[in-house]
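Residues or ranges marked as domain 'FAD dependent oxidoreductase' by TrEMBL: 4-328. Residues or ranges marked as FAD binding site in TrEMBL: 51, 52, 53, 314, 315, 316, 317, 318, 319. What TrEMBL lists as D-dopa binding site is 234, 289, 315.
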């Protein structure tokens, strides 16, 4: 019986574990044991504090073709959930969005525009409305509809789905990956340790991308606004609050709330929606995204064991998790069938 461990209980670890487990359960031919091993589980993962808006973000030099494939798989997965009775439990909602850019050399990044619904460029008149009072003008914009899948709800839903199919959960901190691979009972280890891979593997291509947000009570906001400028803000409604953001500070490991950043976030978002001045502040949150020069998804042999790496998802953990899990399963099945890794 294959005995598989997934290290990390963020959205990519849990998605990989589910994808593997459900494949074998649905196949019904080969018994399998899949275990998620992590020091922290929801609601204490990095992803739990994020807004969960679908959209590729902060992925370094990762291949655009791969990002397209992975993110499309997740969008289709979210569509399946949204059309099912699980949408509420999983925190999946359809959301109208506006993305704005100040770039003078390119339009708003939209290689994924055929994945989302109803993507259209903003007209000159619409851009003019957003540019009122701005010294640096927006040069392009895109209107579309996509999904939010709030990790604070999505992760418990996925964990429930995992354990319902016989998945095992172990709360443990792995500090020496080499020793764990060599000495453990597992035939296959899937490394989804996120930023932890920096120390577990001495991976100097990994770095933190600090994200700080503020959450407010503003149930009257029903669409997202995303400014793609280097110092741009974003406003993303969730089911019970609205996320105001944010920062993307590379190689900043400060996990404390910074009041200067908070003022930049709150004041910046109020310039777009003045009515936010009268909303109730709920809390501020900081998370360290797992940045990398390029997302790592590949396998290596360690003796008779298989080690699959799946980490470095930047600000796109939710957006890429299901598609990356597809590739993790494909690598596992190819290795089982004797194919070259």
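Every residue, even glycine, has its Cβ placed from backbone N, Cα and C.
Mapped onto this structure are the features recorded in TrEMBL.
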residue : record              : Cβ within 10 Å
51      : FAD binding site    : 25
53      : FAD binding site    : 25
234     : D-dopa binding site : 25
289     : D-dopa binding site : 26
315     : FAD binding site    : 21
317     : FAD binding site    : 26
319     : FAD binding site    : 29
Shell list (D-dopa; ref centroid = CB of 234, 289, 315; cutoff 8 A): 50, 57, 58, 209, 211, 245, 246, 248, 314
Mean predicted confidence [pLDDT] for the domain 'FAD dependent oxidoreductase' (4-328): 96
Recorded FAD site residues 51, 52, 53, 314, 315, 316, 317, 318, 319, farthest C-alpha pair in Å: 14
CB-centroid shell, 8 A cutoff, FAD site 51, 52, 53, 314, 315, 316, 317, 318, 319, site residues removed: 47, 50, 54, 55, 57, 313, 320
